[in-house]
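TrEMBL annotations:
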COMPBIAS  676-687  compositional bias 'Polar residues'
COMPBIAS  908-928  compositional bias 'Basic and acidic residues'
COMPBIAS  986-996  compositional bias 'Basic and acidic residues'
COMPBIAS  998-1012  compositional bias 'Polar residues'
DOMAIN    31-118  domain 'Ig-like'
DOMAIN    129-217  domain 'Ig-like'
DOMAIN    231-319  domain 'Ig-like'
DOMAIN    324-411  domain 'Ig-like'
DOMAIN    417-504  domain 'Ig-like'
DOMAIN    595-690  domain 'Fibronectin type-III'
DOMAIN    695-789  domain 'Fibronectin type-III'
REGION    676-699  region 'Disordered'
REGION    908-1012  region 'Disordered'
SIGNAL    1-26  signal peptide
TRANSMEM  878-899  transmembrane segment
Amino acid sequence: MDRTRKWASGLGCMCLCLNVFIHVSPVPQPPTITLQSPKDYIFDPRENIVIHCEAKGKPHPSFSWTRNGTHFDVEKDSKVLMKPGSGTLVIDISGEKAEAYEGTYQCTAHNDHGTAVSNNIVIRQSRSPLWSKERNEAIVVQKGISLVLQCRPPAGLPPPVIFWMDNSELPLDKRVSQALNGDLYFSNILPEDTRSDYICYARFPHTQTIQQKQPISVTVLENSPVGERRPGFMMPLGVTSTKMVLRGETLELECIAEGLPTPEISWQKDGGELPTSRLSYQNFKKTLKISEVNEGDAGDYRCTATNSLGTAHHVIKVTVKAAPFWVSAPRNLILAPNETGILTCRVGGVPKPKINWFVNGVPIENAPEDHSRKVDDDTVILSNVQSGSSAVYQCNASNEFGYLIANAFVNVLAEPPRVLTPPNRVYQVITNSPALLHCASFGSPIPTITWFKDSQTSIKNGDPYVIHENGTLEIHVAQPLNSGKYTCIATNNLGIKENHVYLEVKEPTRILKQPEYKVVQRGMSAVFELHLYNKQSQQKSQEKFEVDTDSLIIKDITDEDEGTYTCIMNTTLDQDSASAMLTVVEATPTPKPDPPTDLELTDQTERSVQLTWIPGDEHNSPTQTFLIQYEDLLHQPGVWVNLTEVAGTSTTAQLNLSPYVYYSFRVLALNQVGYSDPSQPSRQYRTNPAAPDENPSDVQGEGIEPGNLVISWTPLTGFQSNGPGLEYRVQWRQKDVDEDWSSKTVANVSQFVVSGTPTYVLYEIKVQALNDYGNGPEPEVVIGYSGEDFPGPPSFLNVLNPSLDALSLEWGPPVNNNGRLAGYTLKYQPGRLKQKVLLETSCQVYATTYLALFLLCFPLCVCPAAPSRQVDIATQGWFIGLMCAIALLILVLLIVCFIKRNKGGKYPVKEKEDAHQDPEIQPMKEDDGTFGEYSDTEDHKPLKGSRTPSNGTVRRDESDDSLVDYGEGGDGQFNEDGSFIGQYSGKKEKDTHEGNESSEAPSPVNAMNSFV
């Protein structure tokens, strides 16, 4: 076997870290707002109002609130609670008028070094008002005109979601569409649009309520329909319109056109390209959406409506405004006394925002005078600041579309240097690799960093060293001579601080001796050894493999262990590897192990227990694993189930259990021979019931007949039930229809049938398990279908290109599928046409046409196959060819016979027929066209040469076998070429005067009828 195995010694570099605990006084810091509620907060009146305000600072800040610009005394309102150590408000509005707490709130965080403020948070209650009462007049219109049904929903907070329905949700298409304002537009109306209950619905998302408008009745007449016409715009009206959108928002442009046929809508931007990466179309391209609008999206957008009669254009002039947005927000400053700092507040917006500065929440013009402070529009310059002048500055930028507030503190500190990098840190690198030695520091003024090596040599910028701005020392290519002690010193005018770190430059890790090839018997152990340079001792045991720094021990060798083993020596810096081959050979069989004994249960909890045992005799074959099994005496007595396996060196196992099970355990030992006999069962351990941990699987929904939905699932087993009283809560609702879930709780069954469903619609389905102790987890939603119905007939069926042996059919799909269309069934039935063949006229040939018809019809006319639903053998090309060949052969034989007869050849007939007319001779039967029988009582006589009398008759005594006897008394003559031109019919009527001449002209076609 060619297997490759790997073992990793996992060498880790030793890192010497000395933890030095130094008491450092906290650095004073003004407050900083870390969490706040959004500017516009719409609350649900059924829930508490929670207004967030969190801040940090040294010391920790205190909090206060204003409402509508005045102080809000939280302690005086028993319904308002401020969370401890926080500014977050929780307002209990149960039993109160929620409107009383509407308003504009602002949080203030204050400590000894300044005051930070939050945004102005506007608190409003969600509303779902009723539709105003109105009476809708019935609408009667002519077919083909355009129509608008107005919705005019009530103004809710937030605005409602609009949709139209009759008895189900109305399908929208290119002809029928819903505008962004909720109105329903018909580009041209059709008779099928007649309904008595067009209803506009408004769904309010916060309160999860739905309001509906009074139904609108529409009747479409067809007595004076409106004809086809060019497109015209129903929305927007006129040739041009305007639209304003804010930067960063989504631009929605809408064009709805009327006309017949229904117009197609297209879009373009005059003088520019549409931004395809941010562009989307909706409502059958009647709505154009551009996300994340920027100034470049301003311009003229042209929508074009087109049908077969012409086009119409409308231009929407788009302007882009902008609420204030940050270009550069002010940042916190830490200054030392007598230093200078600058705060900048750069914002953009259209129109240009106005900038106002505040200090600790007070307008800067009303703040205490500070001669070191100078305000220049969006910039504050602080010169020669002094201790005690720490403060929080607020920049407020606003225009007519919104505002921004930013807090930035100025912390004036006089702090000696502090080195933040842990002391005595050891850095290790491989030779010729870069090394980075850190010296993170803090101080006010900002400390200056200098480096020394071995406490003596001052390090300057230059090869091989680089000192970065943050104080880090970099050695581009580290060499062993760079190893040693490095000291960084942080200095400012208030003090000096030093820190020591160490660099170790290591030689690469190398394997000096490769592991050797091994041949080992099954059941024995194999040891691979190697010698390392730069090794560190480490041991690791993993079941049958024991890994040491310079060895690998494989226990209880099996055939599967044969292969190539690779040792990878890893350090945090580099690695090396070496490989060796292991071959496994036959060994003397050993007996299987004895079963474990003395099973005990300890550490018993609701969901776990510890099992211990004493291993049996291994018989010189080490135990590989122990298999632990359980029996459920409540649900499946007598059935043992595998629970878990543990290593062969273990004698204990922590077992995870399920509720509502009567457990009994046993243990089996496994070595290379096989499993031992099971141990004696442990004592019984019963777990208490609990709510289900899982829901039924394989949930499906499918209708099996019109009007129903069969919801099925795989029930939980008794083991999975977790308790008595297992039931299932079945929930369903139509997909993409805003309605509540329907629910039904059923006993422990595997399906539930929902009746009265619409035909073939999508349903969302959930099935949740529950028992006497609670509900299972929230189930996943699956999609199903209600029952299908018969599809409608194909919309048309046409016969194309009929020929002698084939024809083509085409059909259109049904108007109503009523389900998933699986295919079409083509049915046909044979037809029989009364045989009537006319020279030089078309003739219809069916599969039932007799051979005799082809014999004379085929040479004289081409017979097109009548359109038929049956594929008949008589219309196949090969069959027609075969019949023609047979007909030609028979015709040749007849000609040969007639020629011989004219030349006096003998035609053998019965002698009795030659001698006289025997009354016993039976003519051809008149009713079925078959020949009569002949008597055999007399000898045969040779037939004399046939002669035709002048009256055109043939005497019976000359030849009763003449074909003339089977005609209708006409001329039974032959042409000079020997062809027969007598006239025949399909049924003979014998006349008393056989010599009468036929009134019809001689015709071979008529003669052919006698064969039919």
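Every residue, even glycine, has its Cβ placed from backbone N, Cα and C.
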Report summary line: If one takes Cβ-Cβ under 8 Å and requires six or more residues beyond its ends, the residues near the region 'Disordered' (676-699) are 592-597, 599-601, 604, 606-607, 609, 611, 613, 616, 629, 631, 633, 640, 657-670, 711-716, 720-724, 726, 728, 765-777, 779-780, 782
Report summary line: For the domain 'Fibronectin type-III' (595-690), the averaged pLDDT of the predicted model is 91
Query - Within the compositional bias 'Polar residues' (676-687), residues counted as helix, strand or coil by DSSP - result: 0 helix, 2 strand, 10 coil
Query - Number of helical, extended and coil residues in the domain 'Ig-like' (129-217), per DSSP - result: 3 helix, 36 strand, 50 coil
Query raised in the report: In the domain 'Fibronectin type-III' (695-789), how many residues does DSSP assign to helix, to strand and to coil?
Result: 4 helix, 47 strand, 44 coil
Query raised in the report: Using DSSP, what's the helix, strand and coil tally for the domain 'Ig-like' (231-319)?
Result: 6 helix, 54 strand, 29 coil
